[in-house]
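Here is what TrEMBL records for this protein:
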DOMAIN    B:50-577  domain 'Cytochrome oxidase subunit I profile'
REGION    B:697-717  region 'Disordered'
TRANSMEM  B:27-49  transmembrane segment
TRANSMEM  B:70-90  transmembrane segment
TRANSMEM  B:122-146  transmembrane segment
TRANSMEM  B:208-232  transmembrane segment
TRANSMEM  B:293-317  transmembrane segment
TRANSMEM  B:329-350  transmembrane segment
TRANSMEM  B:365-387  transmembrane segment
TRANSMEM  B:434-457  transmembrane segment
TRANSMEM  B:469-492  transmembrane segment
TRANSMEM  B:512-536  transmembrane segment
TRANSMEM  B:603-622  transmembrane segment
TRANSMEM  B:628-645  transmembrane segment
Amino acid sequence: MSGHASNTPDPKTAVLWDTEYHGHDVISTRSLGFFLYLLSDGMIFATLFAAYGVLSYQHSYFGGPTPADFVKPWYTFSQTIALFLSVLAYGMGMTALKRRSRGGLINGLLGAFVLGVLFLVLDIHDVLDLAAHGITVAASGGISAFIVLTQVHAAHIFFGLLWILVMIYQVLRLGFTADTVGRLLSLRMFWHFQAVVWVFVYIFVYLWGYMS
Amino acid sequence: MLVDLPGGWNPLLGRLAWSQIPYDNPILAPLFVAVVLGGIAIVALITYYGKWGYLWKEWLTTVDHKKLGVMYIIIGLVMLFRGFVDGLMIRTQQAWAVGPDSSGVFGALHGYLTPFHYGQVYSAHGLIMILLAATPLLVGFMNIIVPIQIGARDMAYPYLNALGLWITAAGAALIMASLFVGNFAHNGWFGYAPIFEIQYSPGVGVDYWMWTLQLLALGTTLGGINLLVTIIKMRAPGMTWFRLPIFVWASLSANIIALTSFPALQVALGLVAADRYLGAHFFTAGLGGNLMLYTNLFWIWGHPEVYFVILPAFGMMSEIFPVFSEKPLFGYITMVLASFAIAGVSWLVWLHHFFTMGAGPDVNSFFSVATMLVGIPTGVKVFNWAFTMYRGRLTFTAAMLWAIGALFLLLIGGLTGMMLAIPAINYMVHNSVFVIAHFHSMLLVIVYAVFGSVIFWFPKVFGFKLDEFWAKTMFWLFTTGTVLVFVPMYMLGFMGMTRRLDYVFNVHWQPYLLVMEGGIVVYTLSVFAFFVLLYVSIRDRVKNRVGADAWGTSRSLEWLTHSPVPFYNFAVTPHVNARDEAAWRRANGIAGVQPAKYVDIHMPNNTAVALYIGALTFVLGFALTWRIWWLCLASLVAIIVLMIVRSYRGDPGYIVTAAELERMEREAIARERQIDGSAGEPVVGGAPAVGRPAMAYERSDLPTTSTPPSMGPGARH
C-alpha cells in the first residue's frame, strides 16, 4: 500500500458503500457506444479506401475503362447536394426536438428521408447505366474497387433510410422517451458520418478518378 | 452478375446435395454417428431431469454478464478440445507419413489423411485455436471479471452482450457443420490469394471459412464496444483511472485493438466474397487483381489480433502474481503504459508476417525495428512480474504454477520472436516449423494464463475451489507435453522442415517427430486430468466452498462480493478508496463491513431475441455458404425485423426491492459466516426502498418483485 498510501483515505472515516449512487446516464452511455461503433465503421471505409488506392494504378484496370472514362462529376455533384440537404433537414428536425416539437421533428425526418431516397435513386441509376456499358465489378480489379467502395457507402445510406422510417414510426407512437431520443441522437451521428464519408468518396474516388 | 458455378445448383437447396455429405469417409462418418448419439444422449438427459425450463430461463435467454461469460468459456473450452484433436491428427500424420516406405490407409498414399483432408485439418486447427478457443476464452473472462472489478452491476449493454455471445456460438456451429456437410477450407487459417478464388477452390470449404470468420469478427466487435463503454462509463464511485485493476486496463487496451482491427478483417473477407460470389477481381491473378493486397489487409487485422489475445492474458497474470506473492503488483503505472505501448505498436508490425514479399530493404527495416520495439514494453512486464514475486511470500498454488509457466513460455516465445524480427533470419526460417514453434509458444502463454485464471476465478463464479492436486497434475502433464512437442519443433525448424507437410520426405526427422507424437500423448493425458479435475471438484464442492475472499490474499474489488457472485454483483455499489480495495479493507480490518442499508435496484430483463438473432446469423452463414439465395434473404430480413421489433418494445427492466435484496444478502452472509467467519454482521432491520432506482435506467414506474420493508435502524459503524 505504500506506493499510493497518500491517496487513500483514513479507513475509520472512509465511505465504503454508495447507497445513493445512481449509476450512469443512459443516453450518454448509448451515444458513446454508438460513437465507438462509428469508429469501427470508419475503419471499414479506411480499409476500402486503402484497397481502392492499391487498385487504382493503370495496370489495375487491365486495359479496360478507368474512372476517367465514365465518371460524370456534375451528376455525382447532384448526389452530393441531395445528401447534404438531407443532413441539413435532419439537423433542422433535431433543433425542433430541442423545442419538443414533434411535428417539426417529423418534418425534418421526412425531408431527410426524401432527399436520401433521391441520393440513392441517383446512385442506382448511375450503377445501372455503368452496367449497361459493361462496367461491372467483374470488369477489372480497379473497377471492382471503385464499385464496391461506392456501393458499400450506398448500402449504409439504404440502412440509414430504413432507420429514419423506423424512427418516424417510433416517435409517432412512443413520443420522446429516453429510448427514442437516444436513438435519434445516434441516427444523427450516423447520418452525419455517412455524409462525411461521402465527401471522401466524392473527392478521392469520383473527382480524383475523373482527373487521373 | 453472380459467378458461374462449377457443379450443380438448384434454387431450393443451392449447392446442397446428398453427395456433399461425407458418409463414405472412414474418419468423418463414425465421428458423425458419435456426435449424433452424444447429442441424443444430452437431449435425453436434459429431458429426463426436466431441465429444459431451467436451461431456457437461466442460460439461453440470460443477459447476466457472468452467465454469458461462462458460456463464452464453455464454447472456448469445447473448441479448444476440437482444435486439440486437430493438432493430434496433424502430429499423428507427420509421425506416420515419413519417407517413401511409410504405409498408407484410408485412401492416403502415406499416413491416414489424404492431402486435401490434411489441408482442411490444419486450416481448421489454426482458425479454431485463434478465433474460437483463445478469443472466446478471453472474452468470457473479460465479461465475467471486468464488471465486478469496476463495481458495476452488469455490462453497459446487457442485450448486446448476449447478442455477441450467440453470434460467436453461430460461428462455432458453422465451422462444426463443415465437418459433416461439405468440407472446410484447405488454404490455411489465414488464406492465400489466389488459391481461395473460385477457380482454384470451387468447393464450399472457403465459403465456410470466410463466413465463420465474418460471424466471429462481428461478435467480437460488438463485445469490444460493450467492454469499452462498460469500463469508461460504469466504474463505481472512487474507481479512478489509476485505481483500475490491471486486468481492466489490459481489457481496455485489448478492446481498443479489437474495435479498430476487426473491421479490416471484415473488409478483407468481404472482398474475397466479392471475388467468389460476384466475380470481382480484387485478389485474382490477372485482370488487375493484387494478390498481396489480401495478405496485407489480412495481417493488418491479424497482428493486432495477436495482441488482442495476448494482452488480456498478461492482465490475468498480473492479477494472479500479486495474490500469491502477497504483495501489490510491482510497477503498476509502467504496466499500464506497457499495455498501451503494445497496443499502439500492434498496428505497425503487420508486414513481419511476410518479409519475404520482397518489399525492399527500407520497408523491411521499418517493420523489423517496429517489431523489435514490442520487446521493450513486454520486457517491462516480465520484469514487473519478476519483481512482484521478488521477496514476496510465494504460495505455489496451481493457479500460480500456470502463471509462472506462462512467464517461462513468454520468455522463450518472446526471444524467438526477436530472432524472427530480423529479416535476415526471417528469410532463412520463413514458413519453417521454427515459426510454428514460436507462435505456439506465444499462444500457449494465453492457454497457461487461461487455465491459471480458470483455477483463480472459479471459486468467485461458482463458490467452491477446484481440486489443487488434480489441477497441479494437469499442469505438470500439460507442461511435459509442451516441452516434448515444441522443443523438437524448434530443432526441426532449424533443420529446415517446412510447415504443413502431409508427407515428410526426410527420414532423419522421424525421431523428432516421434518425440512430438509422445508429447501429444502426454497432452492427451492432461486433457483427461482436466476432466478428472472437474469431476473431483464438483463431487467435493461442499468441502471446497469458499467465502468472499477465496484465497485469503486477494486484492481487487471482485473479492469483496459474495462467492458465488449474486446476479446483481453488489447489493450496494462499493465506494472505492484504494488501488487494491479488497487488500486495503482487509489490512484495515474492515473487509467484512456490510452496507448500512439497501435500496431498490434496477436490473435488465432476460430476452430470447439475442438467441433468435444468433440462430438466424447461423442460418444466414449456412445459406451464404451453400448459395441458397432465398434463405439468405429470408434470414437477413428476419434479423432486421427482429431488431426493429425489439427496439420498439425496448426493455423496461425490473426492480429488485430493498427487502428482497436484504433477504438474499442475509442468506449469502450467513452462508459465508458458516464457511470462514469473515463476513461482518448482517444489517439489522434494513431500510425502506427509496423513490429512485439505484441504476439510472430512468424509469420509476416499474413493477416490483415484493413490497418495501418496514423502517429499521441499520448503522454501519
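Quick reminder: no glycine exception, Cβ is built from N, Cα and C everywhere.
Ranked by Cβ pairs under 8 Å to the transmembrane segment (B:70-90), the stretches B:27-49, B:122-146, B:208-232, B:434-457, B:603-622 are led by B:122-146. With a cut-off of 8 Å between Cβ atoms, the residues of this chain six or more beyond the transmembrane segment (B:512-536) that come close are 81, 84, 87-88, 91-92, 94-95, 98, 466-467, 470-471, 473-474, 477-478, 480-486, 488-489, 491-492, 504. Segment contact holds for the transmembrane segment (B:293-317) and the transmembrane segment (B:329-350), given three or more CB pairs below 8 angstroms at sequence separation of 6 or more. Distant neighbours of the transmembrane segment (B:27-49): 55, 106, 112-113, 117, 179-180; these residues of the same chain sit at least 6 beyond its ends, with a Cβ under 8 Å from one of its Cβ atoms. Proximity of distant same-chain residues to the transmembrane segment (B:469-492), defined by a Cβ-Cβ separation under 8 Å and at least 6 residues beyond the stretch ends, is recorded for 91, 398-399, 401-402, 405, 409, 416, 432-434, 436-437, 440-441, 444, 451, 455, 509, 512-513, 515-516, 518-523, 525-526, 529-530, 532-533, 536-537. For the transmembrane segment (B:208-232), the partner stretch with the most Cβ pairs below 8 Å, chosen from B:122-146, B:329-350, B:434-457, B:603-622, is B:122-146.
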